[in-house]
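Asks: In case it's useful when we look at the structure, here is the feature table from Swiss-Prot:
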TOPO_DOM  1-25  topological domain 'Mitochondrial matrix'
TRANSMEM  26-44  transmembrane segment
TOPO_DOM  45-343  topological domain 'Cytoplasmic'
BINDING   Lys69, Ser70, Arg94, Ser215, Arg242, Arg276, Cys277, Tyr321  Mo-molybdopterin binding site
REGION    95-186  region 'MOSC N-terminal region'
DOMAIN    181-339  domain 'MOSC'
Amino acid sequence: MSNTVFSGAVGPLRAAALSISRHRLPLLCAAGLGLTAVASWMWWRKRQGEAEDLQQVGIVSQLLIYPVKSCRAVPVQEAECSALGLKSGHLEDRHWLVVTEEGNMVTARQEPRMVLISATFCGNTLCLNGPEMQEVQIPLPLPKSNRVLDCRVFGQDIQGRDSGEQASEWLATYFQSSQPYRLVHFEADVMRPRQSKKKEKLFRDKDVIAYPDASPIMLLSETSMEALNSRLEQPVSLANFRPCIVASGCEAFAEDDWDDVRLGATRLKRVMACGRCVLTTVNPNSGVITRKEPLDTLRTFRQSDSSLKEVYKNAPLFGQYYGVEQTGIIRVGDPVYRVTRKG
């Protein structure tokens, strides 16, 4: 309201208007500061954009979250990419872990039938299902009175809150195991994540994970899968390789050269290739481990350069590990841009 309007106002109306103006002053100042911050950010982004080239190299075709390590994936259409990987509501990538009573991780390498377990969320309840098993429901959040276990994932120490006896009994029944297993949950607000570089030294200090093998993000292209399957007598699926992000619209193994990528609002930095192990030989439909294919075939054409043998040993390379450079939302259908510096 302008001063001209106020100039003809009677005393009480003018006083009330001035009082309102005084109350609005802090809000107007805050709004001004906010606009300044936004303008500064937009200027910085513009300068960054001027210094970089974006080349579309593919499309996000799938986003997959694995709530429990070594169990089935949950496909989502949209996910937040946090420093610890993909998340969508209660779904957080590999934030649940099966361990022994001593806290040692249990994966499909030891219990191949883990790949048949599905973990979904119904409201504030984690639901576990497996073949010939009744569903077990675990209310969330877990009670703070539940004990916190000291666990080990590839020799690294990390904590997890125990989910209780009902889940433990369900796992023992499913695996028909005389050894008791526990299901634990990583609570990011009170527990310290693992550092990726303690598993693979090529990672950066800031790359952190909960219970994944090494990286917050693993990306694989559909065309790389097709190239592998063209060499196999019995085709395998993406489920054998457990990527978080699947790309399409590119040449086979193009992801090997995507050192810096943008997907939606998210920016990822390629760290290293994913060296493959015996876990890839677990059939995701039967839960049977063969220890043969597709690993044997991968070894015939996806070995590392001799200069990198110290890093990868004899593991064939399939898919790429990424660190999270900038968090944000990723959606199925988003373009995948390779980012390069100008000049």
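Placement of Cβ uses the backbone N, Cα and C atoms for every residue, glycine included.
Describe the structural surroundings of these features, if you would.
Replies: Taken residue by residue with DSSP, Ser70 (Mo-molybdopterin binding site) is part of neither helix nor strand, so it is coil. Cβ neighbour count for Ser70 (Mo-molybdopterin binding site) (all protein chains, 10 Å cutoff from its Cβ): 24.
Note on the region 'MOSC N-terminal region' (95-186): mean pLDDT across this stretch is 98.
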Asks: Any idea of the Cα spread of the Mo-molybdopterin site, Lys69, Ser70, Arg94, Ser215, Arg242, Arg276, Cys277, Tyr321, as a max distance in Å?
Replies: 18
Asks: What three-state class does DSSP give Arg94 (Mo-molybdopterin binding site)?
Replies: coil
Asks: Identify, in sequence order, the residues in the chain of Cys277 (Mo-molybdopterin binding site) that are 6 or more apart from it along the sequence and have a CB within less than 8 Å of its CB; answer 'none' if there are none.
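Replies: The list for Cys277 (Mo-molybdopterin binding site) reads Arg109, Leu295, Ala315, given in order along the sequence.
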Asks: Once the DSSP letters are reduced so that anything not helix or strand counts as coil, what is Arg276 (Mo-molybdopterin binding site)?
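Replies: Where Arg276 (Mo-molybdopterin binding site) sits, the three-state DSSP reduction gives coil.
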Asks: Tell me, how many other CB atoms lie within 10 A of the CB of Tyr321 (Mo-molybdopterin binding site), whichever protein chain they belong to?
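Replies: Cβ-Cβ neighbours of Tyr321 (Mo-molybdopterin binding site) within 10 Å number 25.
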